[in-house]
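S.K.: Let me give you the structure first, and then I'll get to my questions.
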Amino acid sequence: MGSSSLSAGSGVSTASKWLGFVAAVWIQCISGNNYTFSNYSDALKSLMHLTQVELNSLSVAKDIGKAFGLVAGLASDRLPTWSILLIGSLEGLVAYGVQWLVVSQKIQPLPYWQMCVFLCMGGNSTTWMNTAVLVTCIRNFRRNRGPVSGILKGFVGLSTAIFTSLCSALFSDDPAAFLLMLALIPLAVCVAGIFFLREVPPEKSTGAADTKEAKYFGVLNAVAVVVAVYLLVYGFIPNPSTLFSRVFTGVLLVLLAAPLAIPIHAYFSERLLKPVLDIEGQNGQGVNEPLLQNDNKEEEAAAVAAAAAEEETAVVILEKGRAVIGEEHTISEVLRSVDFWILFLSFLCGVGTGMAVQNNMGQIGLALGYTDVSIFVSLTSIWGFFGRIVSGSVSEHFIRKAATPRLLWNAASQILMAVGYILLAMAMPGSLYIGSTVVGICYGVRMAITVPAASELFGLKYYGLIYNILILNLPLGSFLFSGLLAGILYDMEATTTAGGGNTCVGGHCYRLVFIVMTAACVIGFFLDIWMSFRTKHVYKKISMSRKTKKSSSGTSSS
């Protein structure tokens, strides 16, 4: 009787967990608005008569909003998920709503400092959404942190392409309409998501459950790839008709709704399985227990040992008064950890330079002679998605099979990103297509790898705050590489325009910027290699625990 009720409860919680994950995917589809600045930056520059330094300072203000994500991190341990989502979506409504009023010229341009405040609010709004989604889902899927991070961060990467493509299809790339979408759509999606996204009590791990979970993640990966390819193909279609654009929009919405099949399947498969389990339980009750009693005890002992080994971050182990890497850390222990600051600096070298390219894509494209840069914004977004979704699953596979440190993939991405910057510095015909693709892939890898690695190295208890400390690199990198480096070096090469702004045309405009960022990536590469050696024992332990768990599950089922 107890086992059948457990089965029923498990079925409900499994379907609820997956329904929450689908809601999280939808929220991530609209929470990458912080990467869309290039789509309307030129309109702000011309309306407000800004120099490139002033425009880049606006983008830095947007990214500084992420620094206040520490508040969202603290709130994640004290407030329910729904309230965190609501705060973020309402803040975004105000921030992008005001920017829409300015760009649509319904009001006069605000003073520069006020625009900085609203851009900062827009940047901060996404930290609330991302924190709610990542913390909840990684806690719900503790055994699959890599795929969870890859899929969720992948859809964040796709969100820029989704917004850009929808705006192009429905509003002919009108920057005012684009900002109105950024204000309203996240609010609508988050309000819908608050009914489904919540923490679910952990279930007992079995081999069958792990296999089914892996299949569901495989389905989500396939849907995500189809969406990415679909967006990529649309981006290369020249001057699509109105009817074609509307059909594109309808099909895109259907594709984004497709993951709903997973929680529906989970619910009905458990409901169909329950009567079978009830019959087996009634028929077998008390018949075979004496014969199997010793075997059951051995299996239970193996399962308990495997579960204890798998929860590698569940207990605080102290070594000379300090938490060991790979175990739960308090925030003070994290901030005193050498490993954390190596991870922080290597993350800065990758995402800081990547943010500079994304923030300046509009001006980089114009400097190289492209009047419409939306295709490059989409390329960076879509290939960033591939980097995130592939690296999450691949890194998880190699942890299980060969105990490969997850951060080794960050090192590989840093070298590839350096190659991308060299291509951009050369400014050859077509180099912007290749460079934006390479930078997008590598930026995506770093985001998808670092997020689960932080939970594996420093624990889940304070993960919301640890995550938001790490993403301080976004405003810091934006300030260093975009606000200072790119802005100052661009203005040195630019000529003043009649309205008081400036402009630059030619490959020389950003060449020195890309050379400096190449050097930063090389430094990040060596930091990642160092960190991989320092964490080898952690991933060996994780790999062994998962192999033990798999073998014990196989023995139990046989």
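Glycine residues also receive a Cβ, built from the backbone N, Cα and C atoms like all the rest.
Any TrEMBL annotation is an automated prediction that lacks curation.
Below are the features I grabbed from TrEMBL:
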DOMAIN    17-264  domain 'Nodulin-like'
TRANSMEM  82-100  transmembrane segment
TRANSMEM  112-138  transmembrane segment
TRANSMEM  150-171  transmembrane segment
TRANSMEM  177-197  transmembrane segment
TRANSMEM  218-237  transmembrane segment
TRANSMEM  243-268  transmembrane segment
DOMAIN    325-539  domain 'NFD4 C-terminal'
TRANSMEM  340-358  transmembrane segment
TRANSMEM  364-386  transmembrane segment
TRANSMEM  407-426  transmembrane segment
TRANSMEM  432-453  transmembrane segment
TRANSMEM  465-490  transmembrane segment
TRANSMEM  510-531  transmembrane segment
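I would like each feature placed in context: is it buried or exposed, what are its neighbours, and how far apart are things?
M.R.: Sequence-remote contacts of a segment are chain residues at least 6 beyond its ends whose Cβ falls under 8 Å from one of its Cβ atoms, and for the transmembrane segment (82-100) they are 27, 31, 33, 40, 44, 72, 75-76, 106, 110, 115, 118-122, 124-129, 131-132, 176, 179-180, 182-184, 186-187, 189-191, 193-195, 197-198.
Long-range contacts of the transmembrane segment (243-268) within its own chain (CB-CB distance under 8 A, at least 6 residues past either end) are made by residues 11-12, 14-16, 18-19, 21-22, 25-26, 29, 162, 165-166, 168-170, 212, 216, 219-220, 223, 226-227, 230-231, 234, 237.
With a cut-off of 8 Å between Cβ atoms, the residues of this chain six or more beyond the transmembrane segment (364-386) that come close are 32, 35-36, 38-39, 42, 154-155, 157-161, 164-165, 168, 173, 224-225, 228, 231-232, 235-236, 357-358, 424, 427, 432-433, 436-441, 443-444, 447, 503-507, 509-510.
Only residues 6 or more beyond the boundaries of the transmembrane segment (407-426), in the same chain, are considered here, and those with a CB under 8 A from a CB of the stretch are 343, 346, 349-350, 353-354, 357, 364, 387, 391, 394-395, 432, 434-435, 437-439, 441-443, 445-446, 449-450, 453, 507, 510-511, 514-515, 517-518, 521-522, 524-525, 528-529, 531-532, 535.
Taking Cβ pairs closer than 8 Å, the transmembrane segment (465-490) reaches residues 34, 52-53, 55-57, 59-60, 62-67, 69-70, 72-74, 76-77, 123, 127, 131, 134-135, 329, 331, 334-335, 343-344, 347-348, 351-356, 359-360, 363, 450-451, 454-455, 458, 504, 509-510, 512-513, 516-517, 520 in its own chain, all 6 or more past its ends.
Listed as Cβ neighbours of the transmembrane segment (510-531) (distance under 8 Å, sequence separation of 6 or more from its ends, same chain) are residues 339, 342-343, 345-346, 348-350, 352-353, 356-357, 360, 364, 367, 405, 407-408, 410-411, 414-415, 417-418, 421-422, 424-425, 427, 481, 485-486, 489-490.
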S.K.: Do at least three CB pairs under 8 A connect the transmembrane segment (432-453) and the transmembrane segment (177-197), leaving out pairs fewer than 6 apart in sequence?
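M.R.: When sequence-distant Cβ pairs are counted, the transmembrane segment (432-453) does not touch the transmembrane segment (177-197), since fewer than 3 lie under 8 Å.
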S.K.: Which range wins on Cβ pairs under 8 Å with the transmembrane segment (218-237): 112-138, 150-171, 432-453?
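M.R.: That would be 150-171.
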S.K.: Which sequence-distant residues neighbour the transmembrane segment (112-138)? Criterion: at least 6 residues beyond either end, Cβ under 8 Å.
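M.R.: For the transmembrane segment (112-138), the sequence-distant neighbours (Cβ-Cβ under 8 Å, at least 6 residues beyond its ends) are 20-21, 24, 27-28, 31-34, 44, 48, 54, 57-59, 61-66, 68-69, 72-73, 75-76, 81, 84-85, 87-89, 91-92, 94-96, 98-99, 102, 145, 148-149, 152, 156, 182, 186, 190, 197-199, 451-452, 455, 460, 463-464, 467-468, 471, 475.
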